[in-house]
Amino acid sequence: MTSFVEAGLVLAQTPGQEAVTAGEAAAFWVLGPLAVAGALGMVFVRNAVHSALWLVVTMLTLGVFYLIQNASFLGFTQIIVYTGAVMMLFLFVLMMAGKDSSDALVEALRGQRLAAAVFGVGFAVLLSAALVRSLRDTQFAPPLDPTSPEGGGAGGLGELIFTDYLFPFELTAALLIVAGLAGIVLAQRDKRDEGVKRSQRELVEARFRGEYERPSGRPGPGVFATGNSVATPALLPDGSIAEDSLSDLIESTPTARRVSPPGWMRALDSAEQAEGVHGDEGDGAGPSTTDDEGSER
Amino acid sequence: MTPEYYLLLSALLFSIGAVGVLVRRNAIVVFMCIELMLNSVNLSLVTFARIEGTLDGQVMAFFVMVVAAAEVVVGLAIIMSIFRTRRSASIDDTNLLKY
């Protein structure tokens, strides 16, 4: 951490120098276009996830700008809070809610994009002109000493926050609590929307009234002395196979095919054989060969 | 180069964010554009603090960060609940308050 701060201080200006050092100017001309490119990329990329990643670029460069301007605490807060927490929150919500996150190509309002572009350019020009005119004769104050506790570090900021800005700081505490509660309440799924859950008695009555496919649950697999695999079919009282006990997922197991209706003894026999085939399968023979064997018999 | 270049950059980023709010139709992306505008204002606040040689601007930027974090939580929760009921994050589909 300290080495990072020192790296920021190398770029940051120290007292008794010109308003902007050459190093700072170089950093500005490298990172400034990067920030603008990130912002433009965020606005003009169709995929919302890519937009979020472009915004991360802009926020990281802004964090470095804070470091350069002797605001080391804010710079690290920017990187940790914005690119670390806020953008990850955005990405989570995008993954959950932004399935069809690419924008529609059609304009909802005719000529809206052109009007927005004109507005953006005009706004930027007006703002820049006002800034340049108003700051023409500004005397830039000597920069704060970044190594002193009153600089841009946590010490100086903390002193100000807990003296002059104590009341707003307490208000932010209330704001954060309210926001956390609001997030929980708003994001919570409302149980009442999911319909009334039936009690067990109501469920039984509905089953015997014929609202369901069958009154009972589906039979489980057969459990015999020779095998209790889930692929073993259950047998009905007359020895025939209970079709409901065959799972769709393991339909292809040879056991289920080979058992034939006539007698439960024969069913047991073939189930035993199938067990043996199962054991051989482990040696590398694929399931297709066992299927072939089954069809030969 | 003077510190006011930072202010010009901040004005540019703010304008880009505003255009994004106007142009994009996905609620989450619109929200990201608002974040960009807040960030650019933060940059100008830090630059003002540097021009003035005091820390008050940085304290303001700190408070803006706190408010932005709270706003993100509430806004994303609202977007999530709208998405849950309407299966869409597009701001064109949300028109129940229209009439």
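Including glycine, each Cβ sits where the backbone N, Cα and C put it.
Unlike curated records, TrEMBL annotations are generated automatically.
Taken from TrEMBL, the feature transmembrane segment covers A:26-45 (among others). Same-chain neighbours of the transmembrane segment (A:26-45): 11, 20, 51-52, 54-59, 61-62, 64-65, 68, counting only residues six or more beyond its ends whose CB sits under 8 Å from a CB of the stretch.
Under the heading transmembrane segment, TrEMBL lists A:52-69 (among others). Same-chain neighbours of the transmembrane segment (A:52-69): 8, 11-12, 24, 27-28, 31-32, 34-35, 37-39, 41-42, 45, 75-76, 78-79, 82-83, 87, 90-91, 94, 152, counting only residues six or more beyond its ends whose CB sits under 8 Å from a CB of the stretch.
Annotation source TrEMBL lists transmembrane segment at A:75-94 (among others). Within the same chain, residues 4, 8, 48-49, 52, 55-56, 59-60, 62-67, 101 sit at least 6 positions outside the transmembrane segment (A:75-94) and bring their C-beta atoms closer than 8 Å to a C-beta of that stretch.
Long-range contacts of the transmembrane segment (A:114-135) within the same chain, counting only residues at least 6 positions beyond its ends with a Cβ under 8 Å from a Cβ of the stretch, are absent. Marked as transmembrane segment by TrEMBL: A:114-135 (among others).
Within the chain, the transmembrane segment (A:165-187) has no long-range Cβ neighbours under 8 A that lie six or more residues past its boundaries. Here TrEMBL flags A:165-187 (among others) as transmembrane segment.
The annotation region 'Disordered' is assigned in TrEMBL to A:208-231 (among others).
The annotation region 'Disordered' is assigned in TrEMBL to A:247-297 (among others).
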